[in-house]
Every structure is written in structure tokens, then in C-alpha cells.
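*Asks:* Quick one: this structure, given as C-alpha cells, is what I'll be asking you about.
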There are 2 protein chains.
Amino acid sequence: MKRLKTSDPDFAKAFARIVADRRDADDDVSRDVARILAKVKADGDDALADFTTRFDKWTPASEADWRIAPEACEAAFKALDPTLRQALETAAERITAYHREQLPARRDYRDDQGVRLGAIWRPVDAAGLYVPGGRAAYPSSLLMNAIPAKVAGVERLVIVTPTPGGQVNDLVLAAAHLAGVDEIWRVGGAQAIAALAYGTERIRPVDVVTGPGNAWVAEAKRQLYGTVGIDMVAGPSEILVIADKDNRARHIAADLLSQAEHDPDAQSILITDDNDFADRVADRVGIELAMLKTRKVAEASWKDHGVIIEVESLDEAPALANALAAEHVELAVANPEPLLESIRHAGSVFIGRHAPEAIGDYVAGPNHVLPTGRRARFASGLSVLDFMKRTSFIELDEAALAAIGPAAVALAEAEGLPAHARSIAVRLEEGETK
Amino acid sequence: MKRLKTSDPDFAKAFARIVADRRDADDDVSRDVARILAKVKADGDDALADFTTRFDKWTPASEADWRIAPEACEAAFKALDPTLRQALETAAERITAYHREQLPARRDYRDDQGVRLGAIWRPVDAAGLYVPGGRAAYPSSLLMNAIPAKVAGVERLVIVTPTPGGQVNDLVLAAAHLAGVDEIWRVGGAQAIAALAYGTERIRPVDVVTGPGNAWVAEAKRQLYGTVGIDMVAGPSEILVIADKDNRARHIAADLLSQAEHDPDAQSILITDDNDFADRVADRVGIELAMLKTRKVAEASWKDHGVIIEVESLDEAPALANALAAEHVELAVANPEPLLESIRHAGSVFIGRHAPEAIGDYVAGPNHVLPTGRRARFASGLSVLDFMKRTSFIELDEAALAAIGPAAVALAEAEGLPAHARSIAVRLEEGETK
């Protein structure tokens, strides 16, 4: 963990290093991935079988092995502990309600020149969702990806997920049932993304692919961007907590560790204006770590990437926060509203002392798929818009064309595009024969 | 040009070939581009100077050579022929008006559990716009990229454009003045995209890069996706005209050629239910081509990629149109409204007999940067949203946390993330000391 003070003479330099430290996996996997994509494109299901045997140490023996039946998902859901089932239902309801508010409206109007203009938002036909196997198979993540697609109106929602050694994760199946997923295929890695984008004999192609994954999955999505729509490239998780001294140190320590436990590359940063509070949080992180089952990961993250920045005044916080453009920002201060307005770059903001970031991971409602690695400068969290597209439309009658057509003719001619000009001019001329 | 009839026994096969024929440039430029990007990242302005000399056959001699002064843009604007100036102004006003309607609203509400939720849309800090040199330097394209950024509220709008042999395009400068562009740098190619994304000593980095370009520019954007936001990968232009026999053949022929003249790889497709009308359009295309200054390009496009599909009934058109998911769709039919509703995949739809596609290229108002190559299945035209991003927010008080916190604790524990659970649980416990 680094301790910095904005009053230190070398602060700017040290802070710039933290901003530049993107912690993205930059394994040189792109050639491997390109080869896997080409193989799936050429050989389809045979390639999937080969890669599944090789990477997941498991060979589908029958047609039924490839796909998880809806009945299995329903059974997994019914077998859930009632508290957990209700928690999942609460999460699904709240995520659905929040995302419904995102649904964009159709526009359709006639302007003062008599031109009818507008735009129609429609869902894509099919969406594919990657669900990692093993440690990172989170039912909350499935809900956060599947529900926006369902709310958008996507008719076919397909999951691909590796089942290493043939093992299936029951919590994921239960969440898939709850979210109304249509198909679940037991394939993972770059090969699964290729199957979604190109289609195989078994798996029909989709239009948009989202969901978290390892470096191979992320690179496959990047390479297939344009063949399908994808969600933003994602890096390790981050939290920036801005806290005054009137917080309980244990609350803030727990918040910092809730990001740290995700990944040794995750980053937790505290900005505070109180030296004593900073000390107490640092101490408390040590105490909490000792009790934590996920200590190994959390300790590595805190040690290598944790930062406490002491500011003279919290007025310095927005500039620092905007430079960091963090995925999650907590405003644990007496008067958070001005900070909410002045922090321009953040994936999601948690306002006040009673909004730990983890509440947003599960049940608050907004999406927990958020831009990382300073991408909040230009990117947004996952939303229903990622599963929709917009068609603009233009309607003119003769009078409207007469009003605005000549300007278009002038521009087309100036650009050296005579057929453009002519397609308008022939309509402006009158009394012509067919 | 291919003539097909849906009643032909081999129609499905022939049509599938047309759908699969994406005509994307697939030059293997990715290694070249990767090398150029790395060089600009490492050497900054020196690399830009080298590449400019090599690719643009021109070497900036002084500091002033690198950047086009605002005064030069203003002078170019004032020197425009008045008709053309007014046409540009009409275009800018109408594009501005349409894009203002796209501005998304902030959401901020409290739900029935007392949780405050919402989302704030904000512009990115800086946007970079690529403007090609030479033949494809279109002022209309500059307006279509710059205006959405200005309407979004982007404070710094930067153009990069190659000036081969030192030549500057006055129409482009005039449009830049009109659009309120802040900086224009005389660099092009992949190196210009790298400069925008990474920044150099002269050129500060931007957050989003849009604009058309050749295969190197497109590949550079693709490779830098994630470092900056980009607009959709673009391929050659396309038009699908759905026309009944009551159109004038010369109108429809002109519309088909207005796409064909863009690029030998452009594609124009006509769907009609009348064999005689199809013949007349085909004949008329020949006549128009003979008169056309852009004949060479348009003829190549029509010959290699043009298609006329004769349907038994226009009821067959939506299924064909949805499979093609074309950039532009014209509905030159007596009753276009049902087609507007049933064609789900299209970049932009032109309704009725008086709405030639070219009107949308210049002055209608909607953006002319639209998804090509069947990407209308999942992508949308350029909009203010491409220059904005959304920050979600969550606020809870003690009662709200008590209401929804336990569900989050249950889920975090089930997912094996104890620090997540604890960050909520410590706040739910009462009477604890700091």
C-alpha cells in the first residue's frame, strides 16, 4: 500500500504513476486467439469439441452433453436454500426495475420544413452471454448481463460457459432459470465467443456478446468486435473511496477490501482529509485481512495496488477522482452532493455513509458491469442500450423536398458526387416523363 | 448486376451468397498498424514527422505547419460561394436540431424501498475526428461527426487530417469553422489515430475517436478500442431500395447510382414486385451511367455488386431486408408505414417517393454515419451518445440498507466473497465502536 499526501512536493509525479498504472492483462494471447477463432469458423462444432477436450479436460459424449436442459436449471433453482433463492429474486426484481427505466423512447416528429424525422429503438434478435467457469462463476454477474437483454426485449438469450472437468455450477443454473435464459451451451474460452459470433451447426450465431472472462475471452471479443456487438473491454476492478474522518474506520476498511478480494490486480484507493483517520483505516485493513477467508488475494491487491491519499481539503478530491476515472467511487462524506456533481468520470457513485459498493454488486439495481482502467472517461456501465440499436428515419413530401433539396444538391456537387445531386434534382424537376 | 426472382428454385442459395458477401476490406494491415501505433506511442511527434514525410510526401517545416490556424478556417468559410455557404449552414442547422433531440435526460428517483437511484449523462472531455485527405474529404462528413460531439457538450474537438503534398482542402476548413472545431492537426493515417489516443507533446490525447478512413485508419481505431472510445467499424456503403411500379424508373436508377458512385465496393440493391419496372430501372441505370462523371466507380460497383430482386409480392420484402440489414433502406411504395414497422434491421429508412437517400447524406438532419456490412443487426448510426457516458449512482440511508442489505449479504456469501458481505454486515450491526 502506498501513502501519499497532496502536500508532498513529489505528489504529482507519484500520482501520475498511479493513474498510468492500468493493470490490464497484456498477455500476448492475440495470436493464439486468432488461431482459435479461425479454427471454429472453419470447423465449427468439431473445433469446439477439440478445444473443450483440450482446455476443459472434458469431452462431451452425447448430444445432450453439449447443452444444459432448462429442466436442470429449474431444478437447481428449486433446490436453492430459501434465503438464497429470495435474495436472488430480490436482486432480479430490483435489477429489472432499474433497467426498465433505461428503455429509450421512439421519436417521431415533423419539423417546421415539413420533414418527418425520428428514430426507432429495437432489441437485437439474439444475445450471447459468457459466464466464466470455476471461481469467477457468479450468479450476480449472470443476472447483471441477462436482465438488461431481457428488458431490452431480446428474444433469444444464449449462455456459453465452460464446465471444467464436466462440473456444472448450480448457482449459475439457478440464476439462468430466474433470468429466463433460452439456451446454455457447455463451451468456454475464445472458442465459445467464436461460436457465438460465427455460429456452428449446433449453436446459431448471435448479434451481441457480453460477459466477463479471462484474457482469451476478452481478446476474442475484441477481435470479433464488428462481426458482433460487444460490451466494453474490462480490466481488474477498482474502488475509490472518498471519506471524511466521521466514518467508522472499519466500514471504510471493509469497503476497500471488498474490491481487493476480487483479484490480486484489483485496486482500492482511499482519499481522506484526516491523517489520523487514514492511520486508523490502514490499521483496520490489517485487522480485517487477518480474519478474511479471501486474505491471500485481498492482501496481494492491497499490498501491490492499494493507495491512501491524504488531501489538505476534500475540495482537492474531484480533480484526483477525475484523473483516476474509477469504476466505483464512494462518497462517504457529510455533504456528498457537490462531489456527485463535480466528479465527472466514474462508472458508478455510491452516495453517503450507508452505501457500501457491494450493495451495488448485488441488489441496488444499477448494473455492476462498469468501465475499468480509466475507461469511465468515455464508457458507461452495461445497459439495455447495449442490447438495442436505433434506426433513424426520414420522410419528405414534394414540398419538403423542394424546401431542403437544393441545399443538398449544392453540397453533393461541391463534393464531386453528381449521382447524389441527380437523385434529388430529378425529383425537383417537374413534368418529366417516366 | 445480378437479377434474381424469389420464385426461382435456386433463389435462397443465390440470396444467401449476397447476404454473406460482406465486401469488407480485409487487407492484412494489422501488423503494419501495430508497428505504427507502437512507434507513435514511443517516439511521439518525431514518429509523426517521419510518417508524414513518408506517407504524405510532405514535411512540416515549422511549428506552424503542424496545425491549421482557426483564422485559416474562418477565411475559407468566408471565401465560400454564397450558395454553398448557405447550403452548409442549412445542413449544420438541421443536423444540430436533430441531434439535440437525442440528448439523454438525467434520472434521479427514490424507489419504494427508499433507495435513491439514477444516472447522469455527461460529455467526454475531448473528441478526435479523422477527416480523410484527397477524394474522400467531405465537408458533410465533418459536420456529421463534429456536430453530435458539440451538441453532446464536448469541450475540446480535435481534427486530424492528412494534407498530401501539403495540400489543404478549403471546403473541409470551412466546415470545421462552421462546426466550431478547436484544433486541426495535419497528420493522417494510423499515426494520427495513435496521436489522438496516446497523445504526443504537441497533441493532447482525446477520449473518443470517430470518423471515416482507409483500411489503416480503421484498423488503428480497432486496435485502440478500449484505450479510447471509437465509432463502429465501417465498410463500403449500401442501399436497399424497395420500390413498386408506380415510381419513375429514373428516380430509382438515380438512387441506386448515388450509392454506387461512392466506391467500387459499394452495393445497390433493388427489390420490386414488377418485372417490367425492374427492366426499366435496369435500362435507366445504363443511360444514367453514360452521363455520369463518376461513371468509372459507379459502373464497377453496379456491375460487380448491383442486384435486382423481383418478388411475387412486396410482403416478401421485410424478410429479405432484415437478412440484408442494410445501411440505407428506401421505401418507395404507396403504403410505406407497414414496411417501416416490419423492417427491424436498417441503419436509416427513407420513407416514400420523395425521400432519396442523398437527402439524408446532407441536410435531412439524422446522421449519415451508419452501420454497414449487416451491422445494423446490432449497431446504430453515430449520435450524441457516442460522445457521452453515463455514471449511475446509488444512495441509501440506514433504513434502505436494512431493507435490501441482507439479500446482498446472502449473495456475497454464496459467491465466496466474504469482504463484500462484511462491508454491508458491519453497517447493519448496531452499537459498534469505531
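Using the three backbone atoms N, Cα and C, a Cβ is placed for every residue, glycine included.
These numbers come from a predicted model, not from an experiment.
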*Asks:* For the substrate site that TrEMBL lists with A:Gln259, A:His262, A:His328, A:Asp361, A:Glu415, A:His420, give the additional residue from the candidates A:Ser237, A:Ser313, A:Ser342, A:Ser380.
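*Replies:* Candidate listed by TrEMBL for the same site: A:Ser237.
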*Asks:* Which of A:Asn169, A:Asn214 shares the NAD(+) site with A:Tyr130, A:Gln191 per TrEMBL?
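*Replies:* For NAD(+), TrEMBL names A:Tyr130, A:Gln191; of A:Asn169, A:Asn214, the listed one is A:Asn214.
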*Asks:* Would you list, in sequence order, the residues of this chain other than A:Tyr130, A:Gln191, A:Asn214 that have their CB within 8 A of the centroid of the site's CB atoms, where the site is the one recorded for NAD(+)?
*Replies:* A:Pro132, A:Val160, A:Pro162, A:Gly188, A:Gly189, A:Ala190, A:Ala192, A:Ile193, A:Gly213, A:Trp216, A:Val217, A:Ala220
*Asks:* Looking at Cβ-Cβ distances, which residues of the chain lie under 8 angstroms from A:Glu327 (active site, proton acceptor) while being 6 or more apart from it?
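*Replies:* Sequence-distant Cβ neighbours: A:Ser237, A:Glu238, A:Ile239, A:Ala346, A:Gly347, A:Ser348, A:Leu370, A:Pro371, A:Thr372, A:Ala376.
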*Asks:* By the criterion CB under 8 A from chain B, which of the recorded positions A:Gln191, A:Asn214, A:Glu327, A:His328, A:Glu415 would you report?
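*Replies:* Of A:Gln191, A:Asn214, A:Glu327, A:His328, A:Glu415, the entries that lie near chain B are A:Glu415.
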*Asks:* Pick the one among the binding-site residues A:Ser237, A:Gln259 whose Cβ has the fewest other Cβ atoms within 10 Å in this structure.
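*Replies:* Looking at the binding-site residues A:Ser237, A:Gln259, the Cβ with the fewest others within 10 Å is that of A:Ser237.
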*Asks:* Distance between A:Asp361 (substrate binding site) and A:Tyr130 (NAD(+) binding site) at the Cα atoms, whole Å?
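*Replies:* Cα-Cα, rounded: 18 Å.
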